[in-house]
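What Swiss-Prot says about this one:
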TOPO_DOM  1-99  topological domain 'Lumenal'
TRANSMEM  100-120  transmembrane segment
TOPO_DOM  121-126  topological domain 'Cytoplasmic'
TRANSMEM  127-147  transmembrane segment
TOPO_DOM  148-212  topological domain 'Lumenal'
TRANSMEM  213-233  transmembrane segment
TOPO_DOM  234-238  topological domain 'Cytoplasmic'
TRANSMEM  239-259  transmembrane segment
TOPO_DOM  260-292  topological domain 'Lumenal'
TRANSMEM  293-313  transmembrane segment
TRANSMEM  316-336  transmembrane segment
TOPO_DOM  337-422  topological domain 'Lumenal'
REGION    345-364  region 'Disordered'
TRANSMEM  423-443  transmembrane segment
TOPO_DOM  444-449  topological domain 'Cytoplasmic'
TRANSMEM  450-470  transmembrane segment
TOPO_DOM  471-496  topological domain 'Lumenal'
TRANSMEM  497-517  transmembrane segment
TOPO_DOM  518-526  topological domain 'Cytoplasmic'
TRANSMEM  527-547  transmembrane segment
TOPO_DOM  548-589  topological domain 'Lumenal'
TRANSMEM  590-610  transmembrane segment
TOPO_DOM  611-942  topological domain 'Cytoplasmic'
Amino acid sequence: MAVPSAAIKASGVDMGDLKKRHDTKLDVEESVIDEKINENESDEKLTEKLTEKLTEKLTEKTSTEPIAYVGKCPDGTTFIVPETEDMLTNLFDPRITKSLTDVIIVSILVTFMGLFFVVPKSWRVPLYLFLFAAWRLAYNGGIGWLLHNQSNYHKLTKWALKYKVFDKDNKTWWHQLIKREFETRFQNQPNYSFYEVPVEFNTWILFRHVVDLILMSDFTCYFMLAWSCALSVRTNQPWWLVIGRWLAGALMLAFNLWAKTDAHRVVKDYAWYWGDFFFLKDMELTFDGVFEMAPHPMYSIGYAGFYAASLMACSYTLFLASLAGHAAQFVFLSIVENPHIEKTYNPHQPKQRRKASHVRDRSSIQLGLDQKQKDELSAIVEGDESVSIASTPISTTFDEPETVQKHSLPPLVVFSNFQITRVTDIMTVGAAVYTMLLYFLPANRLWYTVTFFMALSARLFHTLGLGVILRRQSERRSFTKTFLKFGIYPFEAYEQWQVWYNVSTVLSYTTFGLFCLRQWRAPSTDPLWPLKYILGALLIALHGWTSKSIHDSLGHFGWFYGDFFLDRKQNLTYSGIYRYLNNPERFFGIAGIWGLALMTNSPGVGILAFLWTLEGMAFIKFVEQPHMQRIYGTSIRHDAGVTKTIKNSLKLPSPFEKRVRQFQGSVDKVINDTLTVVEEFIGLAKPTLNEVVNDSKILLRQYPAKLTLTRMLDVPENIDTADYSVKLVGGEKCADSNRISYAFGTPIHVKWQASPNRSAKDWIGLYRVHDNTSPEVTSLPSKGRWSGIDETGHESHLDGIVSSSKTNGEVVFRGDTLFWECGVYEFRYHHAGKHTVLSTSEPFEIVAPKIDLSGEVDAKTLALEILPIVQRCFSLSMEFPPEEVDDYWALEEPKVINRVQAAVQAYFNVELAQEVLQSDESVENLAERLLRIRDALKGLTV
């Protein structure tokens, strides 16, 4: 049910060649025109009459002729997609003819409700809790498993083809039953024919029947669980609290109903039933309404009804069951739907080849400023009286390491990206640990005051201190000019700022956490402590998710306010969490602070949380908003997705709307006047507008295929292992070991022979010689280093097949199917998809002769020697390998980076971090780095 946050354009199908567009051709009757002309009516009246006539015909056409959409299957087949109805209409609308499955589903639902009146009262809650858990598992686990296999392997479609579910030649009773069911459902659809539509569409319809049963059973069991919990709970709450609970619950239920209905309005049945897992549909969706309020609204705010029922029932049992069910839905989203969305709508595109950028003078780094920028830089420094400049003119060249200008290691974000070689990282962690050790101080008034003011001062420094630095940097580039004074270029100044900001962030949270821990007391005396702890934990989780979403959207550059320090052209876009909120950190970004205040129930923590909130709002108004206005100007939006949706939904009558606007204006005036006083007090009075920040795309991880171990299968008696053999092709003889050897990363060809009655699922795996102790069975997984021998035997790992017949063939191992490290290996021929070994090749070696750097070798010569090694590392990669030593290499795929890293280790006995390799950009740069490492190691003793 999740959909990508962009309009779906399923395929590049030429609609004109496939179907007639339902264009509305409005032919105005000549009699109408003649009549108006004869009556000598004015042009204005004539135009008005014609417009009314056109509108009537347009309405008539659009209401009588439904829009037909074209679907496209994975094999390229196109078809007109028959119109479908939603789940509730199919099951409960008496005007629609019911199929047998509809009757069965409704009967099952009635049975679930009937159990309420049959079982004893004490059994109702456990029974429905078990049923809800079972159907929720069937939903997230069962449907998730089916969709995962359909997305990656088209498993459901292949099953339908394998068992001839929709084949005209199938005469079985169940085939006739399915045919009758489908024809009943589409009896009024002229575009549907059971045997003519693609198998993907019929498979999807059959899958929908299963989904209907699971989803309706899940909902019914949850509803009966909620009803049972409501009847089993007895509270002594006052009447006004009970009415308040039910009123709030009813409002949440109404919101939940609107969210689901509006989401279905946008995505239709096609996305509601995961149609794009089966075929793509030519339709453009406008993601407005509920899709502008929250990401994946059907799985996020669309579950508000769960918590409404828990509130109305006043049951912790139902509340915890709702939390578990909701959490399972997010697991389903992250494991099943998000990878499919990324693969379908955001496929990886290889980069175009380009030349690597070179630094002209290796002894210095050019900032790349033109004459105008140099003059502006001089004016910046000369215009600040606090910066004294020597008589030497301003220089735009700084003696800095090459890697600083080109690429640097990712900065420390809280504790992420920790580097043991960076002293600042070690000091940051040490400061956090040292702060938390203060927890063991005596619990008295003195240390209460000390820890309180530690937390307060850390936050004040983070918002007020760093806020002043950012404000002055935005207005006068004060921070950068301070570094320019000492000959340090802007990027280095920005790196120092990153350390400042991260240390301040860490100390803000650790000092606040320390104070909370010291204020925590056992909650045994508070009757509402379970609710407070659950809500507190949820607020903390919301805080963490918001912070991660902000970082994912902004990247390191936006997280550390990079546009305050570096002149980088940015386009202001709104995606990720910023599609829904202008300032998510304003409220959601402090949710965990209030969660801890709720859990500790301490006045001191509450005061800190209140001040934390005010400081954050002041930071946004006085620092971020003026800078964003200065940089982006009129491109800043005023209303975020949530605000716009609420405004569009709440259309009040004119008198009420006028009063609401007057009240809103009064409140805004009070807030603005208060903020203006504070602004004038600190001397930062500037006009303000709504703010927004940069957006970056969220990349999803790719999951490598893995070979699952299965049990050993005994060799049939009619198979003679002597008929099987695996022989190596090519290679060179090692002088010392007398083994065949292959150069590091070189493709290895293998010829095999087999018995005529071999299995199509036989396969060959690559292993280290001593990893498997038994010659008869392989005990370790191949981890993807295997190849099938017959294209009909496996669904994957068939790219390595060079030739294949019944008794012999040839396969090639390259790319991911190779070991990218030196050692002694062997190939094993396995029987029938199992791990029973029928033949083993002779041992061979993967070698990497050491390249000597001790002599006088120049970078160009060394680069030419490294180039073929690097090219092999790009085997079966989506990136272009470099063709020349100065070609830019796209080291973005993790597997390619790992291979280059292993190659450098093997050939030069030098270990380089992946980030360093990415910074080199070309083979020539890598060669230069290796020569610099050689020079640096001269004179050192090991």
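Keep in mind that glycine also has a Cβ here, set from the backbone N, Cα and C atoms.
Note that the structure is predicted; figures quoted are calculated from it, not measured.
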Is the number of Cβ-Cβ pairs under 8 Å between the transmembrane segment (316-336) and the transmembrane segment (100-120) three or more, considering only pairs separated by 6 or more positions?
no
Tell me, roughly as an integer, the mean pLDDT over the topological domain 'Lumenal' (548-589).
77
Secondary structure composition of the topological domain 'Lumenal' (148-212) [DSSP: H/G/I, E/B, coil]:
41 helix, 0 strand, 24 coil
Long-range neighbours of the transmembrane segment (213-233), counting only residues six or more past its ends (CB under 8 A):
87, 91, 101, 104-105, 108-109, 112-113, 115-116, 121, 124-125, 128-129, 131-132, 135-136, 138-139, 142-143, 306, 309-310, 312-315, 317-318, 321, 325
Cβ pairs under 8 Å only, please: of the recorded stretches 450-470, 497-517, 527-547, 590-610, which one is richest in them relative to the transmembrane segment (423-443)?
497-517
Segment-segment contact (the transmembrane segment (527-547); the transmembrane segment (590-610)) at 3 or more Cβ pairs under 8 Å:
yes
For the topological domain 'Cytoplasmic' (121-126), could you work out the same-chain residues 6 or more beyond its ends whose Cβ comes under 8 Å from its Cβ atoms?
224-225, 228-229, 231-232, 317
State the residues, same chain only, that lie 6 or more residues beyond the ends of the topological domain 'Cytoplasmic' (444-449) and have a CB under 8 A from a CB inside it; answer 'none' if no residue qualifies.
438, 518, 604
Remote residues contacting the topological domain 'Cytoplasmic' (234-238) - C-beta distance under 8 A, at least 6 residues beyond either end:
245, 314
Counting only residues 6+ away from its ends, which parts of the chain sit with a Cβ under 8 Å from the topological domain 'Cytoplasmic' (518-526)?
439, 443, 447-448, 451, 532-533, 599-602, 604-605
